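The block underneath contains the structure these notes are about, expressed in structure tokens.
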Amino acid sequence: MMGVFVPCLQNILGIIYYIRFTWIVGMAGVWQSLVLVSFCGACTFLTGISLSAIATNGAMKGGGPYYLIGRALGPEVGVSIGLCFFLGNAVAGSMYVLGAVETFLDAVPSAGLFQKSVTVVNNTLVNGTETAGTSTISTPSLHDLQVYGVIVTILLCFIVFGGVKIINKVAPAFLIPVLFSLLCIYLGVFIAPRHNAPKGITGLSITTFKDNWGSEYQRTNNAGVPDPSGSIYWDFNALVGLFFPAVTGIMAGSNRSASLKDTQRSIPIGTLSATLTTTAMYLFSVLLFGALATREELLTDRLLTATVAWPTPAVIYIGIILSTLGAALQSLTGAPRLLAAIANDDILPVLNYFKVSEGSEPHAATLFTAFICICCVVIGNLDLITPTITMFFLLCYAGVNLSCFLLDLLDAPSWRPRWKFHHWSLSLIGALLCVVIMFLISWSFTVVSLALASLIYYYVSIKGKAGDWGDGFKSAYFQLALRSLRSLGANQVHPKNWYPIPLIFCRPWGKLPENVPCHPKLADFANCMKKKGRGMSIFVSIIDGDYHELAEDAKTACRQLDAYIDYKRCEGVAEIIVAPTMSDGFRSIVQTMGLGNLKPNIIVMRYPEIWRRENLTQIPSTFVSIINDCIIANKAVVIVKGLDEWPNEYQRQYGTIDLYWIVRDGGLMLLLSQLLLTKESFESCKIQVFCISEEDTDAEELKADVKKFLYDLRMQAEVIVVTMKSWESHMESSSTVAQQDDSHEAYTSAQQRIRTYLDEMKETAQRERHPLMENGRQVVVNEQKVDKFLYTMLKLNSTILRYSRMAAVVLVSLPPPPLNHPSYFYMEYMDLLVENVPRMLIVRGYTRDVVTFFT
């Protein structure tokens, strides 16, 4: 009762009802006033339902709607809407203070320090007809409003400094006269007209009710007095902006959530009870005022409620003053606590001055609120202040409804409100009503308020600290991702919808400092595989050892890798695997990484250039094992040779991108070359496609076919057909390698190393009396096939050096490891292929296409 219902009632029954409601009925007429009250009441009632649902979903701390919105939609949205709501409460306090002062000066004219403002109206609109004559209407001086308003604000601040307990003791003293004044108004309405009553007060009359049924929108001066030459034209939209602050006190109880004994019970019952009570009272008052007085009287008597009240207007003046002061007191109580709650969450360092310890009063925040209130009091115009308040409150209400809608629609496991009388559709309707009302009132004010909230959101996202609570948007993204994943299914992706999802193998085949989780150029290369930076990469590193012993080390390494990915501005995720060996770890990765069609489809790793230099004898078997695993799992492979020389985004390359297209790879090599051209570092390059064929192939026909294929794919490239002598032709013509070029020395060295390694294997096999074995598996060595592989690699390397020595990057097909050949032999083949080529991508594609003619 005292924690929620009374504060809400005091805030709702404020200045608008007493000094503007009869005027609104006169301007809008009875039926549009009923629509107006119902429209605004429905908005606050639906917001109250959403507020009740969120408030009963868990423990609620200080901050009221800010706490609810921030925990539901995240700290950025919470702070931006919370600060706007704080400003709305602070400005609302000034509105109530001005109303109290204006009423006091009307009741006691002699208290004015300055001369009153006198408005002379020569012509008045009555029932749509302009009537001749003059009328003089006096209004308090602006300077009196300013002086008395500042004094009242300071006095209220002293009460607020006393704390919630003193406020709760003072609140009934403000509320009881208010309720008594309402009773006096209703008694006066039923017994009107009394003696000496103005002619315009007819008493409850069906004729007057019919005359006031329709609207009579017209121009007024700044004081609200009807004037055909006035500067303000009132319509339904403008009245919404004027009246809505009369229903905006529903957050007064939740603003004091830190002081409530049982928030999950008090907020729903107190808020909704106050909302229903006041809405019913407003609807009843529309009917009474519409039948009470003529339209002219409704529009010109600014304090008609005091005029008709029984027994004397003085009682109503006291009630109005105490009502508005009580509402101002609640605003000045709730706003500082809201600001202190935002500061205590430590999101914005600039608000640290307003932090308070638990159980303490927010004195600094109270002084700041009083400063804002005094600034608005100095403005002194009630009709200018109310639209501003309306926008801030509507923004907060929309946030509450959106929070409830999002949580209810997503149905997260943590969403279990005790308040059962809600549904996501009600929250959605409430949010839409808030938005509609904002634009009905003023699209310009709406744009300004949204822009202010957006600026705060942007500032918080840049300068603010991350909150340690989840938010509904993350849950929405998660649900959307799950639904998208289910819709993708696990079937093969059509080439039109194929995107590269590279798995970046971080640390193998190179020595890096312990605090460097990945080669700096690997992320640069991963970005080259994405069009306009879109797509996802998975960065994987394997730690050799026992998982139970190295689990914490893996978590630390994962955090370091995440930091590396963020630093390189690469869209991707980090994964650390602990396995007995690198081969075992990779085999687990290639089988289990990813979900459905969101599995990595390209394995990217560095070529092990150091294996012979560092005498790392375990690399060949691991390297071959990884490639074989990729082939079995149908994963594409891109091996980067010369990673240290790979250009970053600022190093522009010139020349050509040369493709040695040897085997059908589904177009992956072509696609990679096109992706490279989208990057600034390679955009000045041109593509050359080299087709390797045997001597008896029709080169011109092959060239024409490839050109047509590239044209259909809309790829511009120069096609060059290179003929090579087959191994059989070479054996028939010569038993030795005839050419003397850069590759010949590497070729003879490789032959010699292979023979030495093979002799050692044979000696070991004879000594241990078992077949030729490598890493526990039997191998079969056909020396003629070994020479064939060496010859093929030699010829291809010679061709590359002849045509592409100055190329920006060379792409060549990856030869699969020959069955039953020792891993050491395969590394010799590969070394011969990449010899003296500074920058090369060795690519193995798919058995299916990744490009189509109609991509």
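Backbone N, Cα and C atoms are what each Cβ position is placed from, and that goes for glycine too.
Marked as domain 'Amino acid permease/ SLC12A' by TrEMBL: 3-478.
Positions annotated as transmembrane segment by TrEMBL: 12-30 (among others).
Residues or ranges marked as transmembrane segment by TrEMBL: 36-56 (among others).
Taken from TrEMBL, the feature transmembrane segment covers 77-98 (among others).
Tertiary neighbourhood of the transmembrane segment (145-164): same-chain residues 93-94, 97-98, 100-102, 104-105, 113, 170, 256, 259, 325, 328-329, 332-333, 336, 361, 363, 366-367, 370, 373-374, 377-378, 380, selected by CB-CB distance under 8 Å and a gap of 6+ residues from either end. TrEMBL lists 145-164 (among others) with the feature transmembrane segment.
Among the features that TrEMBL reports, transmembrane segment is placed at 171-192 (among others).
Annotated transmembrane segment per TrEMBL: 232-253 (among others), in sequence order.
Counting same-chain residues at least six beyond the ends of the transmembrane segment (274-294), those with a Cβ under 8 angstroms from any Cβ of the stretch are 4-5, 8-9, 12-13, 17, 21-22, 25, 29-30, 33-34, 37-38, 41, 44-45, 48, 126, 182, 186, 189, 192, 200-206, 208-209, 211-213, 246-247, 249-250, 253, 301, 304, 308. Look at TrEMBL and you will find 274-294 (among others) tagged as transmembrane segment.
What TrEMBL lists as transmembrane segment is 314-332 (among others).
The transmembrane segment feature in TrEMBL is assigned to 364-382 (among others).
Outside the transmembrane segment (388-410), and at least 6 residues removed from its termini, the chain residues within Cβ reach (under 8 Å) are 43-44, 46-47, 49-51, 53-54, 57, 65, 68-69, 72-73, 77, 81-82, 84-85, 87-88, 91-92, 95, 241, 244-245, 248, 251, 422-424, 427-428, 430-431, 434-435, 437-438, 441-442, 445-446, 448-450, 453, 472-473, 475-476, 479. Here TrEMBL flags 388-410 (among others) as transmembrane segment.
Here TrEMBL flags 431-460 (among others) as transmembrane segment.
Feature annotation from TrEMBL assigns domain 'SLC12A transporter C-terminal' to 520-641 (among others).
Here TrEMBL flags 652-854 (among others) as domain 'SLC12A transporter C-terminal'.
For the domain 'SLC12A transporter C-terminal' (520-641), the model gives a mean pLDDT of 85. Highest Cβ pair count under 8 Å relative to the transmembrane segment (364-382), across stretches 12-30, 77-98, 171-192, 314-332, 431-460: 77-98. Across the domain 'SLC12A transporter C-terminal' (520-641), the DSSP tally of helix, strand and coil residues reads 58 helix, 27 strand, 37 coil.
A Cβ distance under 8 Å defines the sequence-distant neighbours of the transmembrane segment (36-56), meaning residues of its chain 6+ beyond its ends; these are 24, 28, 65, 68, 72, 236, 239-240, 243-244, 246-248, 250-251, 254, 257, 263-264, 267-268, 271-272, 275-276, 279, 282-283, 286, 394, 397, 400-401, 403-405, 407-408, 417-419, 421-422, 426-427, 429-430, 433-434, 437. Tertiary proximity for the transmembrane segment (12-30) is limited to same-chain residues at least six positions away from its ends with a CB under 8 Å from its CB atoms, namely 36, 95-96, 98-100, 102-103, 178, 182, 209, 212-218, 224, 234, 236, 239, 242-243, 245-250, 274-275, 278, 282, 285-287, 289-290, 293, 295-299, 301-306, 316, 319-320, 323-324, 327, 382, 386. Contact between the transmembrane segment (431-460) and the transmembrane segment (77-98) is supported: at least 3 Cβ pairs lie under 8 Å, counting only residues 6 or more apart in sequence. Long-range neighbours of the transmembrane segment (171-192) within the same chain, counting only residues 6 or more positions beyond its ends whose Cβ lies under 8 Å from a Cβ of the stretch, are 2, 6-7, 9-10, 13, 201-204, 281, 288-289, 292, 305, 308-311, 315-316, 318-320, 322-323, 325-326, 329-330.
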